[in-house]
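Peer 1: Grabbed the feature section from TrEMBL, which reads as follows:
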BINDING   B:92, B:115, B:117, B:119, B:193, B:195  Mn(2+) binding site
């Protein structure tokens, strides 16, 4: 069974808050956004049929360590042997506790991380849970067999060194081709930061980084995945920056397409 | 002679109204939008020289059946043997009466329908004239020798069956290449729904469907048409959703380019 | 040494004013825009290290002839033998005095002009300094060995004749390929009008001309330049039309990338 | 018990659609909008405590007559002897069936109608259920002992005559004072069209009519009601026109204040 | 007969251009803006009945002196003995030539100037026709018996001295009361700069000056004029800054109300 | 000497970040916003003449306790016997360390707090420095002889009790009259949260709370202060929510007016 859950936590964001409001806005598109429920491969994606919506997690406060525990424990509980989880963030810090829980069930887990930023900072503003650091934490803890990053276009010297240290496979945005993930292995976890898209396609994100993927290029990338996808997240949608819900519609479409490849 | 006419009717829209305000806004771009009057092939596109602007049709009320008659009768009257008509919608429901009038003069008419949606619903909200159904009506009535759809990315099971029933040639957006219309035949009618464009390029439409064509891809598609184009429409521009008249400028440019291939 | 200077002059604009506010907004992105200081080739682009920011020129009034002198004299003074200048406009009229000063130091100067418009008008509104005419003035004065224009999509008959008269190499937008500048020669001056980008990527410009480059295509074009770049400008950013500073971020990124190829 | 219900119907709108998306957006403000749950008189307004949220009515299609029946029957069923209903539209056409149901329980009902428009058209576009006509229908049917309108600023000759015919007490916007409703009687039904507010305060409505109330003036008007309020509606919020959810927040605040005077 | 004319000239603007696009946008509201044709006193304001729309003046170029002549000569020609003219700008520089023509027919003309700015600069950027100076020019030339300014909130020392020099009656915004024009005399010309309104009510102006009139306060001011109004202008509406046509609707409403007091 | 300083700290914000970008945007209005430098009482407000701009404080990280120390120590150092400080936030948490430093020099300090919210929470999200709590901290520490709050419209039961506990004089927004501060004493510190304004006038704030002051009402309140003002802050301007810099202009105008009453 595929389960969808909202993880409305944005207190680890370095620049703007707002992604905690994302899950409810994405779900609104189901009814309010003029879209229908079909993925492009013809699958009808319905709550209660194709997937179960578990609603949103509650957070007692904004403490990062406590949030880690809340998310980790939720995922560990939900992730029954035949289950797959698709989480709607929240900021990118949520991927660390999710993948920590996944790693226990999937010791051979591989990660596809689609993003404008590598999120590999060793230390960002003294917050180990910062949304700038989840993949540093994940690789330090040995939670993945491999980490493949696609769409990156903001590498600085420090993160370049971190990538080398952790053996990350990076396809920078300037070298992007649809074939860049042909060698990826499964079981695969897909972590999708919406700012991998050019701000023209997804203005509703906290970090505008020009020169990104088009929505179509992203859809093709996802539709070309050939290995089993066992989990995924869609993070960093920020409704407070959106224009006419344009980005909410993109997130809703990606939700349908990810479910279509997870089934 | 090429004639341009505005058909400001949006009462068959299922989601939002507003496209009835499109024709006047598109014409404003002629003076207010910083563009010049030249198409990309070097043709100067001038009212009174290259084409005649017939103004907007008036509608007595919002009754769908009456609107069908008003539009059909207007087109039948205007479409003299050497004339070609380019209509500015309004919503997509206007294409049914236009093409019904065309079919009488062009019994061998072929249709190129460029859109995010197939508009092939047998029954949408009990309104046979719904903007979700014009191409079902057109194909039921046998008004075209062939129907080619490009850019579609919202097919559900029902419309997939309708497409099979009517023998529609569909190039889904995920399979788009510039060569997809190489086999098309003429005389050709081009029905252009602006939501075929990605919402990044055309935010001013009622239905945002991410993952669409870029404006350049659409221009290339049109510029590659090799068969005679005898009529066209540009529909579903919705000024109430536009940002800084960005979409009005796209519509105005497409108007010039369509005239340049109709001449 | 690379010097960056703001030239906040927009009184030669034909349609809208506002580009005089561009330099300060682009610099704000350094701190306020969530970006880091690295170019995509890994170079860290820092004021005081990689380049020196000379601030903004002051203009006593809006007289076009006086502005020409102010800009020309500033550039002539700043352009020491080992210096390279990157100017932030202002409207496109600033390129004429800048290049006039460059031509004295670089008698063999070549120009790459990236723009939606050819800016070759012989006479626009009786203002010889109009932002519609700088490249007519430059070529009349014999200031460049060659002029290569990329991205043009608004050629009218007059400008087509002007291009022929001046021997301009034009790659129209409809014929764009990344290889279109393979034959270009140096020393090269790059004049970059942000409206070469599709309005989807750069809404904050005075002239929306649909069907333009994506930001990624523009970055690739710049990153593929193989000859020495001795000067550059980024013009026509208009903050009064921007949405969420999206275009300011594009300009800031292009500033970093241009510096990375000028070093 | 106070019951809140969403009535997401906008097919009787003459100009724009979109108010059917209002109820869900207003409820979102409860969590997403930075407000707290207290009315200005100090009452905490909580679902399950102060009121019960009955969710949204479903409509099988957009037929006006069927919608009338659906709404009427819902209200008739919900309106138990000690209940009070606050309905969130939807367009203003919903007030006719709601008040028709109220009239059966409250034969001595008085109505306070706060709006920029009198909504008294005898016939608008041949649709008796048009959102331009509910108060003509209500008065024709004798459903109210008195009708008091406040904020009106668009009276034409026809509606002026209708007002005289039905004995409507109108305080035009140009004559507005806080004391204008001092003589009103109860039991009172308050029908609140958000376009009574100036568009500066409530941009998210279908009909912008400048020169309206400030939000504070409207709050004062409501807080000064001295007679028992037995029912209310808040209509014509149109999320597709809103800016940063500003109008959703206004509607949410008015919801709290109306509940505070209905308790 | 009341005549309405558009004067689309904005080349004398010091900050932003765009007001030249105002007349066509204001007229669009007649059909596209959901308003009706009635003024608040019950008068129906119809083109061809209540007034005659003369269309827009054409300008050969943007030369200020030539524009002065064009406007002056147009007004002198149109202003037959029983005629009254209402001009839609354009920037505020148009009031100088209009009033110069009026002064010939009305040697006893009084002026009511409603604005955030006094527009009394002796010399602004060396342009005697600047939109910062029309009332300096008018008073120097002795074109009015009296000048009354209302809403001013940007007086600097220079303009304070100019006001004293010319004997201008100023009611600063901070001292505004509805009674401030009780002593005004006729025949009266009303020059209305939309930036007298607070930017909350009229965002679509070039100069945002907070702390202004509400739309209702402005309507009351106009409706309280007791002397004959023989001419008027509405200037500085800038569509390029408008939000959802909110300011176009304000201008359209003011047009109706001004006509209602000129009849 | 009046000193102006930017305090770009927003890590204590509970809902949205962004106010740390405020000081630079407010200063931009000096040049970019079409305003002049005069306050409404005729005083010219010039950096270097009327006041000295000290620039922005730097923060090493986002730790709340460290930020308290940084701000407190900065103010303690700057506040020489004859100096007055006007600080531009940042969120409202900055007022606690500023006033703590003021209290040492002014043991008889009184506070005028103008805000939509009382900011009196004993504990908000376990952060004693939260922007929801500064006035609880200030009163607990006995830093003021009196606290007067104006414009409040979100009192809940807890804050009502806190206000009683601390003896706060509250004029709720619903009871606002210009005379509400007639009894206030000096020396006075004015803490001005821009969300006291209705969101129509100041959309660029993190917390939209409808029903607030108009900009003119706020200006009148400030202009009516009769006691010596020895310090002030303007907080919670959030550029990421602003529309066309409308709120930046309001903040810039309030800066001038506050300086005019501090001189």
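Positions of Cβ are set from backbone N, Cα and C atoms, glycine also.
Caution: TrEMBL annotation is automatic and unverified by curators.
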Peer 1: Please report the three-state DSSP label of residue B:193 (Mn(2+) binding site).
Peer 2: strand
Peer 1: List, in sequence order, the same-chain residues at least six positions removed whose CB sits under 8 Å from that of residue B:115 (Mn(2+) binding site)?
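Peer 2: Long-range Cβ contacts: B:92, B:149, B:150, B:151, B:152, B:191, B:192, B:193, B:195, B:196.
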Peer 1: Near the Mn(2+) site, what residues other than B:92, B:115, B:117, B:119, B:193, B:195 in the same chain have a C-beta no further than 8 Å from the centroid of the listed C-beta atoms?
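Peer 2: Checked against the 8 Å cutoff, the neighbours are B:113, B:116, B:118, B:131, B:196, B:207, B:235, B:236.
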Peer 1: Restricting to the same chain and to sequence separations of six or more, state which residues have a Cβ under 8 Å from that of residue B:119 (Mn(2+) binding site).
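Peer 2: The list for residue B:119 (Mn(2+) binding site) reads B:92, B:113, B:131, B:132, B:133, B:134, B:135, B:136, B:193, given in order along the sequence.
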Peer 1: Give the number of CB atoms, excluding that of residue B:195 (Mn(2+) binding site) itself, located within 10 Å of its CB.
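Peer 2: Result for residue B:195 (Mn(2+) binding site): 27 neighbouring Cβ atoms inside 10 Å.
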Peer 1: Just jot down the residues in the same chain as residue B:117 (Mn(2+) binding site), at least 6 apart in sequence, with C-beta under 8 A of its C-beta; none if empty.
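Peer 2: In sequence order, the residues whose Cβ lies under 8 Å from that of residue B:117 (Mn(2+) binding site) (at least 6 apart) are B:132, B:152, B:154, B:193, B:195, B:207, B:209.
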Peer 1: Most Cβ neighbours within 10 Å: which of the binding-site residues B:92, B:193 is it?
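Peer 2: Most Cβ neighbours within 10 Å: B:92.
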Peer 1: With DSSP assignments reduced to helix, strand and coil, which class does residue B:92 (Mn(2+) binding site) get?
Peer 2: helix
Peer 1: If you run the three-state DSSP split on residue B:115 (Mn(2+) binding site), which class comes out?
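Peer 2: Residue B:115 (Mn(2+) binding site) sits in coil per DSSP, no helix or strand.
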